[in-house]
């Protein structure tokens, strides 16, 4: 233990929403040694005031009150790039350490902020930015620093996992999305979650920590879960799979393969076991093999646990092991089997023409599945193709999209290989 | 990052067995920045020498060569209490930090050694002592320090898990034990593993870190897996369960409930999914809910990853968050359902008499199961009792043991409740 323990570390909360109030609540209840909450900052702070925090806490709506005070650690829990990014920068410049749950900020500006923190001799911790209460970042930084991680696969967005696991049980997308919003799991505008942007920011952070690869957020392709229908779960089940929003990346030579989107996951993979808002991360190491982390990735209290753990790390004089990362190119060109669901107005010769378009790109068909109970007027069927580069498949699908009997845009999902499981 | 990074940290390996040679191999291959291997110590070191480590490494069989050298970190990978404990003490006294994979030493003497390390201003890390390559200790210390952990349940011995998951698939205990020994997963004398002593040492370490409870190793009851037979897996399956060696503990008021042994685990619990030599730990927090860690708990390379991660933590100026623990009493008196398997020479009145012995202790019978295909001369059957204190059941079983129609000692297993799963 260090000298830092002798004096109490003074902490300020920026943003008194769900996570901020959970952090305050846990600090008040469990009174961890070495830590004191001194400020709570929020816009229109009057409406936020609660009577269960210590009388000595200063409530303020002026960020300068925090930045000019002898606060040691700023807990940035407001989220978003602006103005939170400015607060974090100014806090670090003032020599204050920062703990943040802000995945967007860390994904976009983490490297620069880390550099700024080091130059000021203070700390930047963001364990809560990925997988909330599941200690994925400390587990990787502290526990797996000695390995060479070559692959990560995870369920990093609890909202999508909740929706897809409910759809697996028979719920309809639109209906379950409404329910998810009513439960407070999804925002009024669910785009960040369902389009994969939230998970992508987290994947970019993990790429940096686990694969030591710096990539731009916008370089990683994200596919929405909105196109998934009940029939896809039925076909997936037939193949011994389910469907989950997966964020995955692996090293291939000097570049990194990375993507986020709904995928077919074998039912015997740990990734298929995660239900509800659970988060899960599977990490493949060159020396240690596969390690799986899972638990509650979101919600006030689990996220607050990660924030307070980081605060305690600073209070106890610990520091993150920052192994160097380097800029690398990103590709989405995985070599995987694909699930392709087409809806056609049936007539003779369709299979031949589709098979031809695939063959032109040297893609082999593994199976064709067609469930009974549909009319020839609107006939869904599924083509499973053998492992092929995503780019080749994209070309084939562009060709197929020109065929006039197609009634809906074609759905194309990667299939996680069984050996990808633990 | 700290000033420690400027100079290289000099490390010595004590014990060049499976783990020691894996550590050397990974250090040679991945050449992590800030670390240099300077010494390898082993008895009769000549027979251990390999040509793939740097020429500059000093091979020695005299521990003084290491202790008197300007070595910064000693990696103790010999195991056992003696003489390894003496080496660790002398290294710390000489102001050297220590990284060890020695669960026995840390379980017995961890608190004193930690104190010694702090008094000398150096570090004691033992991330490899529990669950090998699965970052359970950094995950708890660094990532969950902000929670109040109330319960841990885990599969902490890969050998037992390998044996029991093979028995689940139909293998015979004696035969699979031999196979396990041939594969190098079990020692010639398998007592440490099968009797639960290895897992118990790890549980005691986790009790300290997660529940902040200091308990004596010998105060935790351990039950051997040797009494488990094929028929128990058949009955377990009928109940939607399997059998695993489980190490578990929970806080109850001022004391801690703790035990190690084979238990019935519901098939929908993550603990039932672990197969082969996998390790798994489920941690229940008051604020963050359940978190699960799993992966390869043993073997040279996974254990070496944990050792090198600890070494890097020291090289990067990090330190373990040592939250205070306190001495507490241990009880094995869980309130759980039990599986009781009896083998009798059948005659009328047996059930009535056994039910009577249970009723005397106010234990209710939930179900009686009897699979066909056995003769009245040697009839196995199973009694499932409703949740009852283990102590009451022990008294009832002592009474039942006096009945003359019992042909074998009665097997009694705890049943993990379904809600114990994630």
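Just so it is clear, glycine is given a Cβ too, placed from its N, Cα and C backbone atoms.
Annotations in TrEMBL come from automatic prediction, not curation.
Fair warning: this is a prediction, and the values are worked out from it, not measured in the lab.
TrEMBL lists A:202 with the feature active site, proton donor. The NADP(+) binding site annotation in TrEMBL covers A:14, A:15, A:16, A:17, A:18, A:19, A:20, A:21. Taken from TrEMBL, the feature NADPH binding site covers A:103. The L-homoserine binding site feature in TrEMBL is assigned to A:187. As annotated by TrEMBL, domain 'ACT' applies to A:339-418.
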Out of A:14, A:19, which of the binding-site residues is least crowded by other Cβ atoms within 10 Å?
-> A:14
One should report the C-alpha separation between residue A:21 (NADP(+) binding site) and the residue listed as 'L-homoserine binding site', rounded to whole angstrom, as 19
How far is it from the residue listed as 'L-homoserine binding site' to residue A:14 (NADP(+) binding site), counting Cα to Cα, in Å?
-> 21
Quick one: of A:15, A:17, A:20, which of the binding-site residues has the smallest count of other CB atoms within 10 A?
-> A:17
Among A:18, A:21, the one of these binding-site residues whose Cβ has the fewest neighbouring Cβ atoms within 10 Å | A:18
From the Cα of residue A:103 (NADPH binding site) across to the Cα of residue A:19 (NADP(+) binding site), what is the distance in angstrom?
-> 14
Please average pLDDT over the domain 'ACT' (A:339-418) for the predicted structure.
-> 95
Look at each of the recorded positions, A:16, A:103, A:187, A:202, and point out the one with the fewest other Cβ atoms around it within 10 Å.
-> A:187
For residue A:202 (active site, proton donor), which of the binding-site residues A:14, A:15, A:17, A:18, A:103 has the nearest Cα in space?
-> A:103
When you average the Cβ positions of A:14, A:15, A:16, A:17, A:18, A:19, A:20, A:21 for the NADP(+) site, which other residues in that chain have a Cβ within 8 Å of that mean position?
-> A:13, A:22, A:23, A:42, A:77, A:78
Distance, residue A:103 (NADPH binding site) to residue A:20 (NADP(+) binding site) (CA atoms, angstrom) = 15
Rounded distance in angstrom between the Cα atoms of residue A:17 (NADP(+) binding site) and the residue listed as 'NADPH binding site' | 16
Whole-number Å distance separating the Cα atoms of residue A:103 (NADPH binding site) and residue A:15 (NADP(+) binding site) is 15
What is the number of residues in the domain 'ACT' (A:339-418) that are helix, strand and coil, as DSSP sees it?
-> 23 helix, 28 strand, 29 coil
Simplified DSSP label at residue A:202 (active site, proton donor) comes out helix
